[in-house]
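Features as listed in Swiss-Prot:
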type	residues	note
DOMAIN	9-215	domain 'YjeF N-terminal'
BINDING	N58, N59, G60, G61, D62, G127, F128, S129, F130, K131, P132, P133, D156	(6S)-NADPHX binding site
BINDING	N59, D123, S159	K(+) binding site
Amino acid sequence: MKYLNQQEAISIDEELFNEYKFSVDQLMELAGLSCAHVIADAYAPESNKILICCGPGNNGGDGLVAARHLALMNYNPYVYYPKRTEKELFRNLQHQAESMGITVTTDCPDGASVEQEFGLIVDALFGFSFKPPVRDSFLPIMNVLQRSKLPIVSIDIPSGWNVEEGPQNECDIQPACLISLTAPKLCAKRLLNAQHYLGGRFVPKRLEEKYSLELPSYLGSNLFVKLN
């Protein structure tokens, strides 16, 4: 199976949109749904809430979709979404989550309350377009994630990591689980003792062959594959 560099990941996304005529909301819904299924496979529902940290881009959109589906699966998601966008897609995703009774807040939770109130953290802050360093407005939540003892599930890229080189310093988060989308990125080779899943079951065979992705086979109707 091929691990993608940043430009390859961007190019594949562009081909999905332009050559194969997928819409952003189509792929986001499929990606977020697969993330919810991975979390349901790896972590049983608990009384504690799931803190889902969403960034301003498509990675954050995946998190908003996952929150909605997790609520339908009897989990208790709580969304931290500090930097909003005026794009209709993201406004709709937020509205859908809130309409289902999910709290979506701009208030950064403090470390102590996170440890007391939550049982799991989903990191949907930055995707494969990210280039360090982390912007100042996201430093508070990154500090919470770096210090937390709770398991962290990262969507596609552990936030703060270089997409190709992985963690840049010893303070970067180390997720307990990574959900790679479409295909793993090079940074996934730097995971330490983490569960690794592949989600996003939407890659056309012709596109897979063009980039020599050699994706693993999905079992039956599953939306994910466990890679380790």
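Including glycine, each Cβ sits where the backbone N, Cα and C put it.
Look at F128 ((6S)-NADPHX binding site): DSSP puts it in coil. Local packing around the binding-site residues G60, P132 was summarised as the count of other Cβ atoms within 10 Å of each Cβ; on this measure the leading residue is G60. According to DSSP, D123 (K(+) binding site) sits within a strand segment. All protein chains considered, the CB of F128 ((6S)-NADPHX binding site) has 26 other CB atoms within 10 Å.
Of the residues the record lists as binding (6S)-NADPHX, namely N58, N59, G60, G61, D62, G127, F128, S129, F130, K131, P132, P133, D156, the two whose Cα atoms sit farthest apart are 22 Å from each other.
Listed binding-site residues: D62, D123, D156; maximum Cβ neighbour count within 10 Å falls on D62. Cβ neighbour density within 10 Å is lowest for N58 among the binding-site residues N58, N59, S159.
Other residues of the same chain near the K(+) site, with their Cβ within 8 Å of the Cβ centroid of N59, D123, S159, are C53, G55, G60, G63, A124, L125, F126, G127, S154, I155, D156, I157, P158. Secondary structure at D156 ((6S)-NADPHX binding site), as computed by DSSP, is coil. Taken residue by residue with DSSP, N59 (K(+) binding site) is part of a helix. When Cβ atoms from all protein chains are considered, those within 10 Å of F130 ((6S)-NADPHX binding site) total 19, not counting its own.
Rounded to a whole number, the C-alpha distance linking G60 ((6S)-NADPHX binding site) with D123 (K(+) binding site) is 9 angstrom.
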